[in-house]
Amino acid sequence: MDYKETIELPSTTFPMRASLPENEPKRYEKWREEKVYAKMQKNREGAKECFNLHDGPPYANGHLHIGHALNKILKDTIVKYHYFQGKKVSYVPGWDCHGLPIEQQVEKKLGKEKKDSLPKEKIRELCRAHAAEFIAIQKSEFLELGVVGDFENPYKTMDFPFEAAIYRALCQIAQKGLLAERSKPVYWSWACKTALAEAEVEYQDKVSDSVYVAFPLQKEALERLGVKRAVLVIWTTTPWTLPANVAVALRPKELYVLMSDGKVVAKNLVEKLTALGVVGGSILQEFDSSTLENLLAQNPLNGRDSRIVLGEHVEVSDGTGCVHTAPGHGEDDYRVGLRYNLPVLMPVDDEGRFDETIQRESLLPEADSFVGMHIFEAQKRILGLLGDALLKHTQITHSYPHCWRSHEPVIFRATKQWFVLMDESIQGVGKSLREIALEEIQKTCFYPDHGIKRLGSMIENRPDWCISRQRDWGVPIAFFRDRQSGEMIFDAEVLEHIAGIFEQEGCDAWWSRDNAYLLPASWKNRADSLEKIHHILDVWFDSGSTWKAVLLSSAYEAGNYPASMYLEGSDQHRGWFQSSLLVSCAINHHAPYQSILTHGFTVDEKGEKMSKSKGNVIAPKDVLKEFGSEILRLWVASSDYQSDLKISQNILKQVAENYRKIRNTIRFLLANTNDLERLSPLEDLSEIDRWFMQEARVALEETNALFGRYDFSKGLQEINYFITNALSGIYLDLCKDSLYCDGKNSKTRRASQSAMAYTLRALLATLAPVLTYTVDEALEHAGEVLKGGAQSVFDLVYEPLPLVEAPKVDFVKLEELRAKFFEVVDGLKKEKRLKNTLEVNLLLPPKEEDFGGLAKWMMVSEVLKEAKGEELASFELAGLTYRLLRATLHRCPRCWQFVSPKEETLCERCAGAIG
C-alpha cells in the first residue's frame, strides 16, 4: 500500500516565489482604492496612545534618489511600528516648494535674459508650475515604495493658506521684538546674487592665496615702543578684502614681540614664523597687546589708517596673532567693529565685483580700473600693488564655504538684511531665543543620543539668523516702511489684513496688488507714504514654520503639537531641526518636537559617495524594477542607519536572500497550520511546544522592544536568529513527524499547530512595519484562526504570545545534548555508517530520565534505559555517557521510524492514525 495519501502533508497557496516587482504595484493600487490610510485612522479611533511623525518636506525638484527612499521608508517603518502596536498614528507628507533651485530651473528653461525681462508675477507663476509638476512625480515615486500616509491631502508650502501661515509666523516673531533689519556681513553667493543661511553653505576644499603682509606702525605706536620703524605682520587667505581693511586685531592679554627685523607678531608664533621665513633676527622687546590698543597702523595698499584693536576671536596657534580686520567682510570683524565703532566699508556688489566705492573711498591705487572687476580676478593685481609689504606669498588647500546651489566659493558681504535675533530678551519671558532653544534641546529625546550635543553646540555658537533673500520665488517679508521716517509698520491690524489676503490670493499679491489694496481701511490714507520691503524669506524659515502651518491647522489631520518625532538626515541639525526649533521657541517658547531621529547618508559598498561620474549610483526605480520595494525596505531596516548606509547590487542580493528565508519560514508555517480550525488549550501543549512558545515569546518581545527603540537592524537580527535556530533549526524539524504522521485531529498534532499559529500571528504583526506587502499577502493565504478577524495587514495589532507554563525540563542542557549528539551523528554519516538519525536509538546513562519527548527532541526512533543493538558511538556530557545504538525494530513504512515489530508493518501510532 502507498501510504503517501494518508500523510498530512503541508499545503498552502502562498507562493514560494514572491515576484515582488510584478505584484507590489497591484497590491498598492488595491490599498489606494481601499483608502488604507483612512482605514488606519478608523481602526484606531479611541486609541489611548497617539504617535505623529511630522514630515520634513523634500524639495519639489527632480526625481527621487536613494537617499529619499531611505528617508521615506524609515519614516514609514516607524509610523507603522507604532500603528501595529495599537496607537493612533498621523503622517501627513509634505513638500518644500519655494527657493532658489526651482528658480534656477525656470531660468534654465527661459534663459537668463528672458527671465530678467519678465515681471516677478510671471516668474513666480512658472516656479509654481515647476514645483507642482515635481510634486506629482515624487508623490508617485514615494507611493511605489509602499509608503502609507495622507497622500490625498499633503501639505505644500506654496499653498495659499500655507504661505499665510508662514507670514503669520514671521509677524509673531516681529511683534515679539526678535526681528531686526541690520547692515551686517552675511554669507553671500555672488553666483546666485543672494544672501545665504548657514544651512545653505557647504564646505569644500579650495586652493587659496596665503599671504603675509606688513602694516607699518604710525608715529604714536612707534613712540610707545620707542622705535623709529616697525610693522604689524598680518596673515590672510582673502587678499581681495585688504582694500576694505580698517583695523588690525590683537589677542587680549597676550604677549607680543618686536623682532630685530622690525616685525611685530605674537610671541607664541615666533618659532613657527621664523621657520617659514616670515620673521628673522632676535626678540628686541616683549609687550602686552594692550600697549598698542587704539593706536594706528597703516594699510599698505591705500595709506588709510588701520586702528589696532583687541579681539577674543584672535588665535595664536596659527597665523601671526595680528588679524586683518574688515567689518564688511567677516562676522568676527563686524563684532569687534561694533565695540570700537569702526567704519564698515563694502566695495563689492551683489555679483562679486568691485563697485564705485573702491573709487569714491580711494581704497586702491588706480581705483577706477578696478570698478566692475570680479574680486577673484582682481586679487592678482592687488598682490602686485603690495610691493615690499608682501612678505610671503604661497598657496594652500583648505576647507572653504561654498554655495549649495552654484558650488562657487561664497564671500562675506555686509548688506542690509533681516535677522531673527538670538540674544534679545523676549518680551514677557525674560530669556533670549538662544537660552530657550538650549533649554528645549535638553528636554528632547535624540536617536542617536549624541545628536543633543551636536544641535546644542550649533545653537550655542550660531550668529543671528539671516532670513532675507534677494530672489523672486518665496514668501515675501511683507512689511511696509514709512518713506520719510524709515519706521517699520508692525501694526497688528495691518499685518493680519495682509495675511488674510495671502490666505485667499497667495503671496503673489504682494507684487500684483498696490499699497491701498494691501492696507486695511483705517490705513488707506497712508498708502502713498509707505513703501514695500521686497526681500523674500529664507526657505528654511518656510520649512521651520511647518509645525504651525500643519500641526496647528485644521486643514490637516497631522496629530499633536509638539510632534512625537522629527526624522531626517544628520545634516538637518544645521537645517530643518534648527530652523523649526528657533521658529517654535520664538513664538511658543518650546520645541516643536518631542524626539529627533537622524540617519546617515547612502554610499556604495566601498563607502564612497555616489556620483554619475563614478558609475556607482543606485536609483530607487532600478531597485524596484529588479528586486521590488520589499527588498529596499528590508535593506533600510537591516542597516545601521545611524551611520552611512552602504548599498550595491551585491548588498541587495544578500538582502534578497535574507528575504527569501523569511518568506519561506512564513510559507512553511502557513502550510503546516492550513487545516487548523481552532487553537488548542495551552494545557495541551507538550514540553517541547512550551519550550518553543517561550523561545518565540522572548525573541518577538525583544524584537518589538528593539523596534520601539528604533533599532530595527538588531531587531531583525533577533528574528533571524530565532528563525535560524529555535524555529527552523530545531522546532520545525522536530514537529514534522507529528504534523505529517499523527492523526489529523490528534492532541499532539493540533498542539504543535497551535504553537506555530500563535507564533506566526505574532511574527506577522512584528514584521508588518517592515515587510508590509508580504504580511498582507500572507494573510490572504491564511486560515481564519491565524487571521483572528483581520482582513488585511492593516487590521493587525501586535500582541505578545500567551504566557505558558514553564517547561519542567532543562532545555538549555537538552540543547547542549542535541548539539553534541548531532556532532557525533555527522561523523557517522561521513563514515557512511548511518544515513539518518531514525536508524538510531539513544541509550541514556543510569539515573537519567526521559521526559516523554526526548526521542522527538533528538530525532531518534527510541530512547532506551537498557542497551540492545549494536553500539555505533558514544559521547560524554557533564560527566555522563550517552550511547548511540543501532535501532533493532523494523522501519514503519509510513513514518519511517524504526519502531514496528514486523517488517512492512505499521507502527502502533500510524495504525491508529489511519484507522
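Each residue's number is its place along the chain shown, starting with 1.
Cβ from N, Cα, C; glycine included.
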Quick one: sort out which of 359-363, 609-613, 749-753 is the motif ''KMSKS' region' according to Swiss-Prot.
609-613
47-57, 58-68, 289-299, 707-717 - the one Swiss-Prot records as motif ''HIGH' region'
58-68
One should report the C-alpha separation between LYS612 (ATP binding site) and CYS907 (Zn(2+) binding site), rounded to whole angstrom, as 68
Output, ordered by sequence, the same-chain residues six or more apart from CYS910 (Zn(2+) binding site) with a CB under 8 Å from its CB, or 'none'.
TYR3, CYS741, CYS892, ARG894, CYS895
Cβ within 8 Å of the Zn(2+) site's Cβ centroid: which residues qualify beyond CYS892, CYS895, CYS907, CYS910?
CYS741, PRO893, ARG894, TRP896, GLN897, VAL899, SER900, LEU906, GLU908, ARG909, ALA911
Sequence-distant neighbours of CYS907 (Zn(2+) binding site) in its chain (C-beta under 8 A, six or more apart):
CYS892, ARG894, CYS895, GLN897, VAL899, SER900
If I restrict to non-local contacts, at least six residues apart, and a C-beta distance under 8 angstroms, what lies near GLU568 (L-isoleucyl-5'-AMP binding site) in its own chain?
GLY56, ASN71, GLY575, TRP576, PHE577, THR598, HIS599
DSSP composition of the motif ''HIGH' region' (58-68), residue counts helix/strand/coil, works out to 3 helix, 1 strand, 7 coil
When secondary structure is assigned with DSSP, how many helix, strand and coil residues does the motif ''KMSKS' region' (609-613) contain?
0 helix, 1 strand, 4 coil
CYS910 (Zn(2+) binding site) falls, by three-state DSSP, under helix
Least Cβ-packed of the binding-site residues LYS612, CYS892, CYS895 (other Cβ atoms within 10 Å) is LYS612
